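The next block holds one structure in the form of structure tokens; read it before the comments.
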Amino acid sequence: MTAPLPLLVLGKGRDLHTERGVECPGELPAASDPGLVERARAAKAALGDQVFVLGHHYQRDEVIEFADTTGDSFKLAREAAARPDAPYIVFCGVHFMAESADILTSDQQTVILPDLAAGCSMADMAAIAQVEDAWLDLQDAGVADVTVPVTYMNSSAAIKAFTGRHGGTICTSSNAKTALSWAFGERGDAQVAAGTGKVLFLPDQHLGRNTYVRDLGGRLDECVVFDPHRPMGGLTREQLRDARMILWRGHCSVHGRFSVEAVDAARREIPDVKVIVHPECRHEVVELADEVGSTEKIIKTIAAAPAGTSWVVGTELNLVRRLAQQFPEQRIAFLEKNVCYCSTMNRIDLPHLVWALESLVEGRVVNPIHVDPVVAGHARTALDQMLALPGETHKD
Ligand code: 13P
Ligand code: SF4
């Protein structure tokens, strides 16, 4: 019996289902209501320069169509900061991204998240009280003084503020290497520069581990995982003292599901296939991939590849489907058929976007995102540190 393909193959603007005829996981409903499309167009035209719509690459097609700019979380943070003249920023993404936009924009601007239920399961894996307790554990173990917090953008404003208060930086998947290099070597502390320093990486253990090992040449046995649900993170003082990377026990519920078996199957089934994955994937998967990068890097890599190249992509399905439609000259497959859309990214749909835009036309602001000013001040310190990282440009 032929082994079933674990891949959902996409291409030429349509879904090519697996040999077993498995349906697309999490298939979206039929195309958007044409009336809603018209209403979104009309509301946006009526608002003109009053509104700027940002769209993350994981958003639905029906929403991306109305984005003034699209990007990964780093690019969108910069775009938000670069729009001082737009009184309203409608953020089509998830809550932590909208919070960051609010922190980076002026008090005269309002950031709107069309559906407040658009959160992020990874960001929810680190609560501020847990992080404060963890820091006390590091103090208790005598290592807090030589530890720099490096916090992934996918975190609450409160944790970004914690990072700012402790001299750390925010990073995204496109600048994590630069951020870690800075934390280990360039922050200016004698101990950190002398190579005895540590990083507390929050909240995605996979991005932290992958960046440290793959990009900085660090060793896996220099990483420990801090479990906030166990006393002292489930670690001994010695383990904390010996570690260089203290990884928070958090992960992405979407990217954590891509498997080694799926990569192996892709290589068996598709001749000369190239595997490209997001660095939120597990280390074993990243180790097997040909390319690793942020959503922006994934798009740029596929766009620059010669026609006829075969790609298997390990990231969110909305983006992979769009890539398959935009580059029909490539063979583009989704890495794992059992992985579905990011359910929280998908909360932002056309009805919510229309509601947010039409409310603005009527003079009502729905779902504004306001970060507490004290929290925002400290979080801004950490975000500004990210934007000022040495040589920081948007490379990926
Ligand atoms: P990017 O930083 O690549 O945009 O990714 C954000 C994200 O949420 C990935 O799951
Ligand atoms: Fe969060 Fe994962 Fe969704 Fe990205 S894909 S927003 S990390 S749950």
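Placement of Cβ uses the backbone N, Cα and C atoms for every residue, glycine included.
Look at TrEMBL and you will find HIS56, SER73, TYR152, MET153, ASN154, SER173, HIS278, PRO279, GLU280, THR295 tagged as iminosuccinate binding site. Annotation source TrEMBL lists [4Fe-4S] cluster binding site at CYS120, CYS252, CYS342.
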Q) In sequence order, which same-chain residues at least six apart have a C-beta under 8 angstroms from CYS120 ([4Fe-4S] cluster binding site)? A) VAL94, HIS95, PHE96, ASN154, THR344
Q.
Please check the binding-site residues HIS56, CYS120, ASN154, CYS252, HIS278, CYS342 against ligand 2 and give me the ones with CB under 6 A, sequence order.
A. CYS120, ASN154, CYS252, CYS342
Q) Under DSSP, is TYR152 (iminosuccinate binding site) helix, strand or coil? A) strand
**Q.** Cβ neighbours within the same chain of CYS342 ([4Fe-4S] cluster binding site) - under 8 Å, at least six residues apart
**A.** TYR58, VAL254, GLU316, ASN318
Q) What's the CA to CA span in angstrom from GLU280 (iminosuccinate binding site) over to CYS252 ([4Fe-4S] cluster binding site)? A) 7
Q.
List the residues in the vicinity of the [4Fe-4S] cluster site, defined as same-chain residues other than CYS120, CYS252, CYS342 with C-beta within 8 angstroms of the site's C-beta centre.
A. VAL94, SER121, MET122, ALA123, ASN154, SER253, VAL254, HIS255, GLU280, GLU316, THR344, MET345
(Q) Just to verify a number: CA distance, HIS56 (iminosuccinate binding site) to CYS252 ([4Fe-4S] cluster binding site), in angstrom, no decimals. (A) 16
Q. Relative to the Cβ of TYR152 (iminosuccinate binding site), which residues of the same chain, six or more apart in sequence, are found under 8 Å away?
A. MET122, ILE170, CYS171, THR172, SER173, ALA176, PHE201, LEU202, PRO203, ASP204, LEU207, GLY208
(Q) Just to confirm: which same-chain residues, 6+ apart in sequence, have a Cβ under 8 Å from the Cβ of HIS278 (iminosuccinate binding site)? (A) SER173, HIS255, VAL292, GLY293, SER294, THR295, ILE298, GLY314, THR315
Q: Give me the non-local Cβ neighbours of CYS252 ([4Fe-4S] cluster binding site): same chain, 6+ apart in sequence, Cβ-Cβ under 8 Å, ordered along the sequence.
A: SER121, MET122, ASN154, ASP204, HIS206, GLU280
**Q.** Maximal Cα-Cα distance (Å) across residues annotated as binding iminosuccinate, namely HIS56, SER73, TYR152, MET153, ASN154, SER173, HIS278, PRO279, GLU280, THR295
**A.** 17
(Q) Let's check the environment of ASN154 (iminosuccinate binding site): how many other CB atoms sit within 10 Å of its CB? (A) 28
